[in-house]
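Peer 1: Starting off with a structure, shown below.
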Amino acid sequence: MSVIIKSAEDIEKMRIAGRLAAEVLEMIGPYVNPGVSTGELDRICHDYIVNVQQAIPAPLNYRGFPKSICTSINQVICHGIPSDDKILKKGDIINIDITVIKDGYHGDTSKMFFVGEGSPANQRLVEITQECLYLGIDLVKPGARLGDIGHVIQQHAESNHYSVVREYCGHGIGTVFHEDPQVLHYGRPGTGLELQAGMIFTIEPMINQGTRFNKLMKDGWTVVTKDRKPSAQWEHTILVTETGAEVLTRRQEETRFGQ
Ligand code: MF3
Ligand code: CO
Ligand code: CO
C-alpha cells in the first residue's frame, strides 16, 4: 500500500476542490422536494459544477458511470444513477454524493436529505449515520490508526442495532479519485495504517437499518440492501493535520469542526 503524503501545494488545491464539492451540496438542497426527478437534480448539479465552478463532475464517465452525481434513495446504499423516471416522493430519504475535479484535484462529499418530513425511524438512521462519520473524524490525528476509526463507527452503528456495509469503503483521494488507503468502516482499535500529517482520505460510512448484506443491480452500479430496508451515508474528505483533522468538505451548516 502506497499512501501519498500531500505537499503544501497539493493541500491548497485540495482545499479548493473540497470547498467546491461542499458548495454543490449547499446549492442543491432547496431543489430536493417531492416531485423532482433525480435526473433533474443531476442536471442542476452538472450545470453548476461546469458553468459556475468551472470544474469537472468526476463521476461522469468514471469507469462508465453515465451521470454527474450519485443519487441513492431509501434502500439504495450507494452509486444510484440519476434518472428522469425517478421522482422523489414525500417520506423518501436520499443521499446525494458529489465529487468535483478542480485544477486536477478531487473533492468528494455526500449528505442525506429528507424529502418532506422523514419518518422517526428514518430520522434516527440518518442521524446515527452522521454521528458515525463525526465520531470517526474526531479520532483523526497523527499516530491514530485506521482500525480505530473503523471500530468507533462499527461500535456506534451496532450499539444502535444497525449494520455496517463492508463491501464499500472510504479512500485516499487527490489527483486520483480513489487511491490508497482503503478506509474501512469497521475494524479493531490499534490495527491498520498509522495516520500521518498530510494524508487525505474520505470517511463515508454506509449504515443499514437491517442486515449489512447488499446486492448490485443489473445496471452494474446501483447497490441496494438485500432486505430492501433503508440505508444512509454521509461522506467527508479529510486532511490529517499536525494536531488533528481538517474537514476539506465542511458545509456552513456544520459548525462543529471549528474551522
Ligand atoms: N463518490 C463516490 C465515492 O464516494 C464514488 C462514486 S463513483 C461513481 O467514492 F462512478 F459512481 F460515480
Ligand atoms: Co468517496
Ligand atoms: Co463520494
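Each position is counted from 1, following the chain as shown.
The backbone N, Cα and C atoms fix where each Cβ goes, and this holds for glycine too.
OK, TrEMBL features for this one:
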BINDING   His79, His178  substrate binding site
BINDING   Asp97, Asp108, Glu235  divalent metal cation 1 binding site
BINDING   Asp108, His171, Glu204, Glu235  divalent metal cation 2 binding site
DOMAIN    12-242  domain 'Peptidase M24'
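Each of the listed features needs to be described in terms of its position in the shown structure.
Peer 2: Cβ-based neighbour count (10 Å, all protein chains) for His79 (substrate binding site) stands at 20.
Counting Cβ atoms from all protein chains shown, Asp108 (divalent metal cation 1 binding site) has 26 others lying within 10 Å of its own Cβ.
For the domain 'Peptidase M24' (12-242), the model gives a mean pLDDT of 98.
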Peer 1: What subset of the binding-site residues Asp97, His171, Glu204, Glu235 lies within 10 angstroms of His178 (substrate binding site) at the C-alpha level?
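Peer 2: The binding-site residues passing the 10 Å Cα test are His171.
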Peer 1: Quick one: which residues besides Asp108, His171, Glu204, Glu235 have a Cβ within 8 Å of the divalent metal cation 2 site's Cβ centroid, in sequence order?
Peer 2: Asp97, Thr109, Ser110, Gly170, Ile173, Val183, Phe201, Thr202, Ile203, His236, Thr237
Peer 1: List, in residue order, those binding-site residues out of Asp97, Asp108, His171, His178, Glu235 with a Cβ under 6 Å from any atom belonging to ligand 3.
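Peer 2: So the answer is Asp97, Asp108, Glu235.
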